[in-house]
Structure formats: C-alpha cells, structure tokens
Amino acid sequence: MVWWLSPHAVLTVLSTVLGVGVTVFSLRNRRVAGAVPLAALMGAASLWSALDLVAVPVSGIEGKLVLSRLQMSLAPLAVLCWLWFAVVYTGHEEWVNRRSVPALLAEPAAFTAAIWVLDPAPLLRSNPTLEAAGGQQVLRYDPGPLFEAHIAYTYLLFLTGAILLTRLVVNTERLYRDQSVALLLAVCGPLAANALWLLGLLPAGVETNVGFVFTGVVLAVAIFRQRLLEIVPIAKEIAREELITEMEDRVFVLDADDRIVDANPSARRLVGRGSIVGEPLSSVLPELDAELREGDTEEPGSVRIAVDGIERDFDVRVARLRRAHGLVAGRLVSLRDVTSQRRREQRLNVLMRVLRHNLRNGTAGVIGYAQVISQQADDTEVATAADRILAQSWELSDLSDQAREIATVLEHGDETRTVHDLPTVVTDAVGEVTEEYPEVDAETAVPEDASALAVESFPTAVSQLVENACEHNDDENPWLRVTVDTYERDGHGWVRLLVVDNGPGIPEADVTALEQGYETALEHGSGLGLWIVKWIAELSGGTVSFPETDHGGAVAVSLPRTEQSRADDGRASVGPESNGQQSGKN
C-alpha cells in the first residue's frame with residue numbers, strides 16, 4: 001500500500017487539518033477568555049500530528065527517535081495549555097501567576113532535557129525497535145520509571161483541568177454546561193486512545209491521531225453549535241464577583257451545615273474580623289443564626305445586630321443554593337442595613353399620628369364653634385364668615401381622613417395582590433358616594449366577569465375617584481360615568497377602569513405633580529385623593545393616566561387582568577349598551 005493512503009496517514013491528515021482549523025478560529029477570537037490557550041493547545045496537537053505525518057516515510061530508527069523526541073517535547077506543552085485553558089475558561093485566571101507557572105513547568109522542562117540528553121536510557125525508555133503497524137513502520141520501546149512518572153504527571157494535569165470543567169457542568173447554566181461537556185469529551189479522546197494503546201488495544205502510531213481526530217470534531221461542533229469562544233462563563237463570573245465584592249449589602253455563603261464558606265468585604269467588616277471562613281454562623285453572628293432558624297428561610301426577615309456598640313436593623317434575605325437535580329448545597333444570606341430607613345419611618349409615623357390627632361381634635365372644635373356662630377349670629381357677614389370657616393374645617397377634617405387612608409396604604413404596601421370583582425367594587429363605591437351626593441346622575445358599565453389583580457386597598461382607590469368626581473362637580477346637572485374595558489399590551493392582558501365627569505376637570509398642577517411623581521414648592525396639587533389612587537395603582541402593578549375629554553375630568557386606572565376576565569375578549573369594547581355588562585344608574 002502506498003504510505004500516504006494508509007489508515008495512519010489518513011488519520012494524521014484529518015487530525016492536522018481539524019487542529020489547524022480550531023487554532024485559526026481561536027486566534028481570530030483571541031480577545032475572548034480562553035481563546036489563546038485553546039489555540040496553543042490545538043496548535044501543539046496539530047504540530048504533533050504533522051510530525052507523525054513526516055515520520056511515515058522515515059524508515060531508519062534514528063530518524064524515528066528524533067521525531068519522537070520532538071513530539072515528546074510538545075506533549076507537556078499541550079497538557080499545560082489544556083490546564084491553562086481550563087483555568088481561564090472557568091474564571092480562575094488569578095491562579096496563573098509567577099509562582100504557579102514555574103512550578104508547573106519544572107517537571108516538563110526536566111523531562112524534555114532528559115529526553116534529548118539521555119534517551120534512550122533505562123530510566124526513560126529502552127529497547128527501541130521498529131515494527132509494522134497500520135501500513136507503516138512505527139517505533140516501539142519499553143517505558144522506564146521516569147517516563148511512567150512523566151505520564152502520571154501529565155494525567156494529573158489533565159485531571160485537574162477536567163475537574164474545573166466538571167464543576168461548571170454541575171453548577172452552571174445549560175449553555176455553559178453544554179460547552180463544558182463538549183470540552184471534557186474533546187480532551188477525553190486522546191486520553192482514552194492513549195489508555196487503549198497502553199493496554200495494547202490500539203496499534204502504536206495510531207492511538208494519538210485517533211484521539212486528535214475525535215477532539216477536532218467535538219470542538220468544531222462546540223464552536224458552531226454551542227457558541228464556544230463566543231460566550232464564555234468567565235465574564236459572568238468576573239461580573240458576579242465584582243458585584244458581590246463592591247456591594248454594600250453584607251453577603252454570607254453558608255453550606256448545608258450553616259458553616260460560613262465565603263463572605264464579601266462588607267460582611268467581614270460587619271463581623272469585625274477577616275478570618276471567618278469555616279466557622280459556624282452561630283459563633284460569628286448568633287443573632288442572625290437565631291433568625292434563620294426561627295423564620296421562614298424563603299421569606300424576607302429582619303434582625304438587629306450591635307455594630308460598634310450601636311444596634312442597627314438589617315433586612316435579611318435568603319436564597320437556597322442548588323446544584324444539579326435540585327440538590328441543596330447551602331444558602332446565600334444577604335443583610336441590608338435599613339436602620340436609617342426604620343428610624344425615618346418611625347419618626348414619620350409618630351409625626352403622622354400626632355398631626356392627625358391634633359388636626360382631628362382641632363377641626364372638631366372649630367366645626368362646633370363655627371356651627372354655633374353660624375346658627376346664632378345676627379350679623380349676616382358674621383354668619384357667612386362662620387359658614388366659610390365651617391367649610392374649610394370640613395375640608396381639613398377630610399384631609400385628616402385621607403392621611404389616615406394613606407398611612408394604611410403605605411403600611412400594607414408590600415401585601416400580596418388579590419383578585420377583585422370589579423362589578424362589586426364599582427357598585428359599592430358608586431352607591432356609597434351617591435348617597436352623599438344624590439344630585440349626581442351616576443352610570444356604570446362594567447362586564448359581569450371583569451376582575452383585576454390589585455392590593456387589598458384597591459376599593460379605596462375607586463371610592464376616591466368617584467368621590468372626587470362628585471365632590472368637585474359644580475355643573476348644574478352633574479353626572480358621572482364609570483366604565484371598565486379590557487385590552488392587550490405587550491402580550492399581557494389589562495383591565496382599564498375609567499371615571500369621567502362633567503365637572504371643572506382636574507387642575508393642571510395636580511396632573512403635572514402626579515405624572516412627575518413629586519410636588520415642588522411652586523407647583524403642587526390641591527389634595528391627597530389622587531395620590532392615594534396613584535400609590536394603590538402602582539402597588540398593584542398598574543398605572544394611572546388622564547385621558548383627554550370634552551366633558552370635564554377623566555381618570556383611568558389600568559391593572560393586570562386575571563384569567564377570568566380573559567375568557568371573552570369579545571366584551572372588551574365597553575359601553576352602556578354592550579351585551580354581557582352590568583350597567584346601572586344611581
């Protein structure tokens with residue numbers, strides 16, 4: 001058989017071409033973490049295969065030995081490039097430093113020098129001979145103890161890199177997991193072929209190229225199907241580590257036995273010492289340990305910890321750390337200092353209660369005196385002034401009631417959203433308000449099955465809208481319309497509650513302040529009612545808008561709708577005459 005048509009030559013050419021292809025692709029993407037060591041690894045493998053190809057027509061044993069020594073000089077470099085790639089790819093680039101590199105190079109350098117100076121020798125390899133295999137003459141020899149020790153060292157380096165990638169397979173997302181599996185398969189090819197050769201199951205001179213062909217195919221598939229060298233985990237790991245390191249929150253990583261396995265600098269400063277890894281949480285922060293044992297680990301909690309002799313409040317959040325197949329490996333505990341926020345809330349609550357109490361008692365007294373003056377005054381101007389005082393006092397009393405409602409809304413701001421039956425909510429609000437304002441002609445048009453997800457205080461927002469529309473309507477024939485319709489936005493279903501009246505409309509200052517989210521000293525609203533509506537809508541995941549209207553004022557509240565109100569989109573267009581609606585007139 002012609003030597004270049006032998007199986008060995010064919011495999012050698014394939015492995016060389018595939019290796020060169022991966023090397024070129026890696027160099028073109030050399031800015032990606034791991035690309036340079038992968039290029040060096042596959043470049044060394046390609047050169048090994050090329051030397052194998054050169055060795056095919058060589059018939060003398062001396063020529064075979066020289067080429068074999070060149071290959072043995074390349075082998076440790078390829079293994080070190082593999083470990084370099086695994087370290088960089090998995091985000092441990094800091095391991096490549098002035099101490100580790102010389103230590104890792106010491107054994108390969110010594111072995112390479114021995115090969116060129118002493119080979120053949122009993123300690124390295126002895127009895128070199130040529131034998132026919134795969135249509136060519138291949139070199140056979142007996143490995144010595146130093147040669148076997150070098151092989152063991154090589155396998156150790158391969159195993160170290162494989163362990164790093166195996167950790168990614170177990171602990172990371174699917175994309176990186178698939179990439180890591182492909183890389184493990186790629187490196188296992190030459191190892192498996194070499195092991196089969198050592199066991200005598202593959203002929204000499206064939207085993208390495210069989211492995212390299214497998215490696216090249218697997219890496220080519222990983223490059224084009226799993227985006228190898230396009231998206232690598234190191235960027236995510238660096239960003240995550242930088243975030244945790246720089247964040248002000250105190251972060252502890254606990255194992256399954258609540259021992260501290262890691263902590264960010266903020267957490268170490270909280271404890272007051274740096275050496276806490278490996279210690280039980282109960283001995284480092286007993287207050288936090290007690291909170292975690294007593295509370296629900298899936299729900300946020302709070303703990304008070306003395307820092308420099310001053311007690312501070314922390315919000316506690318816990319996330320379970322899971323490995324593959326849902327196995328719990330530990331917990332990530334974060335503490336956020338909310339001392340200033342809690343103190344501010346306490347002061348505001350005290351101030352709110354004192355103001356509401358004094359305002360309510362003061363206005364009650366003013367109202368009583370104003371009523372007496374209005375009823376008993378003989379002077380018309382005095383009686384008129386008393387009536388004005390009475391009106392202003394009632395407004396202040398209403399403001400106190402609104403402040404109480406705001407306190408309730410804010411106090412339960414994080415409550416879970418529930419399903420509200422809109423026909424019931426609208427009917428109750430309109431009925432209650434129109435009893436106080438019987439002169440207002442109120443109509444409703446609400447689908448019978450309309451419902452929305454909102455916080456528990458949502459009916460308060462509807463009552464505020466209806467009450468504002470009635471209270472400020474100064475038209476001779478005041479009327480009010482409350483309608484509900486449904487629509488789609490960004491692929492999600494929404495419910496819109498629209499309140500329209502023929503009053504003077506909403507002051508521009510109120511609309512501006514509500515849209516901006518704050519009031520200024522020169523531009524502020526006239527009341528708290530619409531703020532209550534806005535806050536409740538936002539807590540419910542909804543929005544408040546002010547549609548233009550030809551009549552007077554209009555306010556629209558949009559909320560996420562439930563599956564029940566998705567059932568019939570044919571009812572999305574709402575009007576007093578629409579079918580399937582609950583329409584009413586109060």
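Yeah, the Cβs are placed from backbone N, Cα and C, and that goes for glycine too.
Per TrEMBL, the range carrying the annotation transmembrane segment out of 6-25, 366-385 is 6-25. Remote same-chain partners of the transmembrane segment (101-118), defined as residues 6 or more beyond its termini with a Cβ less than 8 Å from a stretch Cβ, comprise 69, 72-73, 76-77, 79-80, 83, 124, 146, 150, 153, 157.
Long-range neighbours of the transmembrane segment (71-89) within the same chain, counting only residues 6 or more positions beyond its ends whose Cβ lies under 8 Å from a Cβ of the stretch, are 33-34, 37-38, 40-41, 44-45, 47-48, 51-52, 95-96, 104-105, 107-108, 111-112, 115-116, 150, 154, 157-158, 160-162, 164-165, 183, 187, 232-234.
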